[in-house]
Amino acid sequence: MDAREMKIKAAEAALAHVEDGMRLGIGTGSTAEEFVRLLAEKVAGGLRVEGVPTSERTARLCLELGVPLKSLDELPELDLTIDGADEVDGRLRLIKGGGGALLREKIVACASRRMIVIADESKVVETLGAFKLPIEVNPFGLVATRIAIEKLATRMGLSGAIDLRASGDGTFTTDGGHYILDASFGRIPDADALARNLNDIPGVVEHGLFINIASLAVIAGPAGARTLTAKE
Ligand SMILES: O=C(CO)[C@H](O)[C@H](O)COP(=O)(O)O
């Protein structure tokens, strides 16, 4: 099974949790896009759902494929969000934001009764942090915010480059008009504390640590899909 087939397997398994009439948060990224394609087939076959997209990119794909969309203001309480992740640990803590949509992804997931993560085995880790942690920041005071993050990292025994995400010749800008700093911490022994402390830095808009948000992960590997529930 190649990488794309595994993403489709995970998306298929997650689709089994979607019921007629549901209000759905719809994630961002290549795995979430496989889910959108499968969902669109079900919608064409008569399934009634309303989706809230977590990015302009996802919104465009949903519109192209005929998945009905609403804004989060129109549907502020959702039944289920299905989204990908860059890393998942055994407690279903996630790193997200590789695709730059982490702020909307977190808002939408937190407005949902449940969040199901879809990923392949390569995303499952013992300790979060091999994937660079995306931190969404306000462009105002970028240098000061980066220094504050560096000082926090040092206090917490973390080190590594903190790079401004680029796009083409310029700076990557999120759907909300913010920048992303990608922090190469390597290994984050206390992700819960880092998540709380990052939220205390004023220029940080949001970060890619999703703690106590996902309720289930569908992980696809060469032998098929398995589910992961949070273990304490
Ligand atoms: O967090 C995300 C976007 O902000 C994505 O869900 C994450 O990057 C995983 O993407 P992919 O399914 O393409 O590996």
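Positions of Cβ are set from backbone N, Cα and C atoms, glycine also.
Any TrEMBL annotation is an automated prediction that lacks curation.
Long-range C-beta contacts of Asp83 (substrate binding site), restricted to its own chain and to partners at least six residues apart, with a cutoff below 8 Å, comprise Gly25, Ile26, Gly27, Thr28, Gly29, Ala32, Thr54, Lys96, Glu105, Ala109, Met115, Ile116, Val117, Ile118. As annotated by TrEMBL, substrate binding site applies to Thr28, Gly29, Ser30, Thr31, Asp83, Gly84, Ala85, Asp86, Lys96, Gly97, Gly98, Gly99, Lys123.
Sequence annotations record features per position, and here TrEMBL assigns active site, proton acceptor to Glu105.
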Point to revise | Fewest other Cβ within 10 angstroms of its own Cβ, chosen from the binding-site residues Thr28, Ser30 | key: Ser30
Check your understanding: What span in Å does the substrate site cover, taken as the longest CA to CA distance among Thr28, Gly29, Ser30, Thr31, Asp83, Gly84, Ala85, Asp86, Lys96, Gly97, Gly98, Gly99, Lys123?
Key -> 15
Study note, to complete from the structure: Per DSSP (helix/strand/coil reduction), Thr28 (substrate binding site) sits in coil
